[in-house]
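Participant: I'd like to ask you about the structure that follows.
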């Protein structure tokens with residue numbers, strides 16, 4: 001029987017919920033220039049920042065288990081928020097293995113190498129080629145090329161997805177140069193195809209995009225380009241097509257054939273799943289596959305359970321996460337987001353667990369079907385807000401988690417005017433969430449998972465489409481039934497925190513114990529005001 005807490009005492013009437021509102025990509029930067037957040041009309045957030053306890057916390061680098069100065073991202077951010085601790089991320093885990101020359105010791109990689117050598121087949125290395133560090137890292141590709149050379153694999157083809165989203169929009173030439181230089185040093189490898197990530201890394205069930213990438217990789221009759229990779233990219237720039245949207249191009253006769261090996265070196269699952277499903281699942285039916293090569297497929301990480309692939313770095317199990325604590329105390333929780341961020345408030349927030357927890361209700365709001373979100377900067381925020389208000393006012397949920405995708409998804413387009421509109425849309429929605437939470441005497445905690453929209457141009461004056469390393473805001477609006485402050489004291493939020501401190505803060509508001517595994521600490525400090533000298537007590 002789960003332990004009950006004082007939080008359940010409200011079951012006799014309506015529960016006063018704690019509402020965690022995550023503003024995806026809403027970072028903090030003091031400068032106003034090229035800052036879509038500061039330049040937007042945000043009366044609600046401005047008023048809340050002035051009137052309620054607030055602070056800035058770190059959401060990048062070592063504070064979320066990434067290398068120093070590595071920008072945060074949605075997967076890492078939601079995982080850290082949900083876990084209440086800093087977790088070594090896959091980027092670091094894989095990089096450490098490559099740096100210490102331990103790829104040779106991984107059994108499934110050795111098995112693949114032996115099979116390819118015995119059958120004289122080709123190894124295809126497929127993935128995003130940049131140093132963005134969000135979905136992949138070019139150092140991992142270089143490490144795999146060195147591993148292939150050491151193992152004696154002679155035929156190696158690289159299928160490069162160009163970035164321009166987690167990196168500057170026109171930066172792919174520098175990464176292709178690194179790859180080509182690696183080929184020359186090692187004496188193996190060829191650049192077989194190029195494809196913008198827009199086509200190969202969709203996560204919104206735009207299967208017509210994935211189909212184009214699939215055809216590029218599998219069709220033996222796909223036309224070969226007569227131009228070099230550099231010429232193709234330069235011509236694309238001249239036509240105002242940046243790296244993210246580069247049309248699929250085949251450079252050499254190498255394509256996926258029966259018996260070949262494939263290593264997909266993206267480590268983040270959400271934008272790798274759809275393509276790998278189309279390549280590996282016999283029952284796949286989202287589009288007609290004329291060619292279905294039988295391959296030996298390896299992925300660096302687990303993209304989804306039960307895929308017919310071998311995984312190099314299986315997930316490390318996590319327990320005592322925020323969602324689990326809520327569930328184990330017999331309380332109900334509600335998670336909602338639109339399509340683009342739905343996995344983040346569910347799968348990632350729960351530490352990589354697909355299935356809902358006992359008492360966890362999930363609600364998906366479809367994202368608009370547009371080519372890029374600058375065409376619809378409001379996205380589905382209004383529908384999302386309405387569904388969340390209904391959950392808040394139902395009076396049955398103790399914890400509600402909502403993600404607003406607009407600052408991040410529109411920020412990624414690099415279009416300042418559209419991003420300002422996205423920010424203003426979210427600001428209005430926060431006002432509605434605040435009203436509903438207030439009706440229920442609940443508590444609202446507003447934060448973000450990483451920065452983005454606060455920087456719209458880079459130092460070179462080009463659009464900045466990537467995330468940032470800037471801190472993110474936290475605002476706590478106490479409800480009457482969830483007050484920590486009271487007679488003779490008030491609260492403030494301490495400085496020096498990170499995303500790992502959000503879960504402990506929420507547990508304190510919910511009057512639930514913090515598990516030992518949660519090494520984060522509550523951001524709440526109580527200021528005793530009933531004496532001449534204020535006494536600050538940190539809640540840990």
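Quick reminder: no glycine exception, Cβ is built from N, Cα and C everywhere.
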Participant: Among 74, 394, 398, 424, find me the residue Swiss-Prot lists at the same Mn(2+) 2 site as 24, 449, 450.
Facilitator: 74
Participant: Return the residue out of 329, 467 that Swiss-Prot annotates for the same Mn(2+) 1 site as 408, 412.
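Facilitator: So the Mn(2+) 1 site in Swiss-Prot includes 408, 412 plus, from the candidates 329, 467, 467.
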Participant: Need a hand: Swiss-Prot gives 135, 165, 166, 197, 203, 268, 269, 270, 271 for substrate, which of 101, 341, 361, 383 is also on that list?
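Facilitator: The record-listed residue among the candidates is 341.
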Participant: Please report how many Å separate the Cα atom of residue 450 (Mn(2+) 2 binding site) from that of residue 271 (substrate binding site), as a whole number.
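Facilitator: Rounded to a whole number, the Cα-Cα distance is 18 Å.
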Participant: Using a 10 angstroms cut-off on Cβ to Cβ distances, just flag whichever of 24, 166, 408, 449 is the loneliest among these binding-site residues.
Facilitator: 166
Participant: Report, as a single number, how many Cβ atoms besides its own are within 10 Å of the Cβ of residue 269 (substrate binding site).
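Facilitator: Summing over all protein chains shown, residue 269 (substrate binding site) has 22 other Cβ atoms within 10 Å.
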Participant: Which ones are near residue 408 (Mn(2+) 1 binding site): of the binding-site residues 24, 74, 135, 166, 203, which have a Cα within 10 Å?
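Facilitator: Among 24, 74, 135, 166, 203, the ones whose Cα sits within 10 Å of that of residue 408 (Mn(2+) 1 binding site) are 24, 74.
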Participant: Looking only at DSSP and grouping its letters into three states, which state does residue 74 (Mn(2+) 2 binding site) belong to?
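Facilitator: Going by the DSSP assignment, residue 74 (Mn(2+) 2 binding site) falls within a helical segment, counted as helix.
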